[in-house]
């Protein structure tokens, strides 16, 4: 190994260790923050640089093995990204067939898949056009696409962070289980909501083995097209499965995840109930709930997820991605304005040079 490559290897190794330490310290303090995902990506980048610069140490055979592994991973990633639009379209059609043509999740997934299928052709057409407005649109699409893609990678990294540091790892013995509502069907608990309640019952059963009896908070208001509040149906579901009424607190005013968390914790404070709390929701909803709980400074609230049907997951995760984007609305609006101004300025300058 040359001196220059050795220096690069040592530098990359130092940055890798420093990034991992920063990730561990930050995640131990609060794994719900998106900065943990950013630190994970930084650590992964420096680890990759370390491995690349270290490959000459293992001789020609070691370098070959490394290049083959890297090539396979790259091809797999590109294949996954290439198939993503088609998979979204197929999944959107499956959701619409199962849940009806008015399913917002199905329509969202289908629209996203079609948009991604059309994107290469649209951008190629814009790139070939030498008019300034076409160059501006091409630059704008590139900027915004890069930003949204980066944010998507951060969200994926956050799933890894919460799997390593969050959920029940942070609250092994919860005093309170807050079950978040998701809407009723004909006044009854649908399968999606039942999975959340069953997950809460599972955690309660695990705690019962240690002689603990956590309280339940069922949180869900009444929708405009619903005959009763979701919390009322949720409470009935729990009592029908052996949970006594005195262990159930009904919070029946919430219409959003934010209100679920705020109103539930307020009710608990009014009753003098504290201690670690575990919010129970669907698996796809855990990251957004974590981020929101951190934003609300609910330091005792962490999140666990219930199983989600495979066909419903892609659309649900896509909605959560959009939801987290809205939580950072001022930042994202600022980035959008910057992208528009930068795209127009670059296109105008390019046209003047031409």
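Cβ from N, Cα, C; glycine included.
Database features, via TrEMBL:
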{"type": "DOMAIN", "residues": "175-323", "note": "domain 'DUF218'"}
{"type": "TRANSMEM", "residues": "6-25", "note": "transmembrane segment"}
{"type": "TRANSMEM", "residues": "37-59", "note": "transmembrane segment"}
{"type": "TRANSMEM", "residues": "65-95", "note": "transmembrane segment"}
{"type": "TRANSMEM", "residues": "107-127", "note": "transmembrane segment"}
{"type": "TRANSMEM", "residues": "133-161", "note": "transmembrane segment"}
{"type": "TRANSMEM", "residues": "329-349", "note": "transmembrane segment"}
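Contact counts against the transmembrane segment (65-95), taken as Cβ pairs under 8 Å, peak for 107-127 among the stretches 6-25, 37-59, 107-127, 133-161, 329-349. Here the domain 'DUF218' (175-323) has a mean pLDDT of 89 out of 100.
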